[in-house]
Amino acid sequence: MGSGEPNPAGKKKKYLKAALYVGDLDPDVTEDMLYKKFRPAGPLRFTRICRDPVTRSPLGYGYVNFRFPADAEWALNTMNFDLINGKPFRLMWSQPDDRLRKSGVGNIFIKNLDKSIDNRALFYLFSAFGNILSCKVVCDDNGSKGYAYVHFDSLAAANRAIWHMNGVRLNNRQVYVGRFKFPEERAAEVRTRDRATFTNVFVKNFGEEMDDEKLKDMFSEYGPTESVKVIRDASGKSKGFGFVRYETHEAAQKAVLDLHGKSIDGKVLYVGRAQKKIERLAELRRRFERLRLKEKSRPPGVPIYIKNLDETISDEKLKEEFSSFGSISRAKVMVEVGQGKGFGVVCFSSFEEATKAVDEMNGRMMGSKPLHVTLGQARRRW
């Protein structure tokens, strides 16, 4: 841990006192290799490599649980960034309560780092300002991407680091050090700023006959353009969208106001400010979270799908007809404007029950129609 701030024993009550998180592990590292690496530091309870629940492939991190807190602290202070399987690993206290991490309090962002600065160098550069919970230089296959995150255990320590390090030259590069911002917050800032200055316009929902010249002719009446591009696939076919970059914000804004919703060759155009990458990623996260919550709210089970339902079949009738095959967590007839759409889903508690229902109900008459029943994919909860 950092040496610039006292670390009373009571402060570690929020962590598992003898458990360490081990990050940036090589995929070939095993529990046994972790055990052999950390056993010299003191008696161990167990080591664990975290794996994907489906593929069982390693996720690049794990845990080492010591018998005594003093041994865990010694390992943290002396073994951080050591090599295992030829790759340096990161150590930090295991934090079973992730509220501090998710809150962002004490977390700072550093950018414009020289590529020679690695996790070890970053840790020792910033440890003078307080106790560091985690420290990470973001890398890809080519090495450092030039930015990093340091999470201190207090807001005061983070503020000290920002005050002293922002604008400092490290290896002849002036670094930016500031408060960590969640992607949604950064996206909102970009959106607010860009609405008053944007010059790049996104256009979609036009026909295959649209090319760069036609698109330029349509948009150039609102002002001089710097570039116009219809996006195409590998075969050269238009994907139905493109971009127009104007020389001025006023021209771009006028084009959006005038052309959005306009009908061209029977198609209604969408014309709007071209979003930055961070905005698109934030929107994808929101969509994913909505889908995740929707999926989570659905009852688990093994679904079967029923097609060719009579229009008179209700949820209750569907459940009644299939209940003899096992425990049903959900029975739903899909409807549109109060009218059955001719198909539905029934979720059983086990694969055996669902299979039996498919075998016996496929082709059976229900109402005035023969059913078409197939097995769906079981949903898993991990």
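Glycine too: its Cβ is placed from the backbone N, Cα and C atoms.
So that you can see what the record holds, here are the features copied from TrEMBL:
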type: DOMAIN; residues: 18-96; note: domain 'RRM'
type: DOMAIN; residues: 106-182; note: domain 'RRM'
type: DOMAIN; residues: 199-276; note: domain 'RRM'
type: DOMAIN; residues: 302-378; note: domain 'RRM'
What is the three-state DSSP composition of the domain 'RRM' (106-182), stated as helix, strand and coil residue counts? 22 helix, 32 strand, 23 coil
Mean pLDDT across the domain 'RRM' (199-276), rounded to an integer, is what? 91
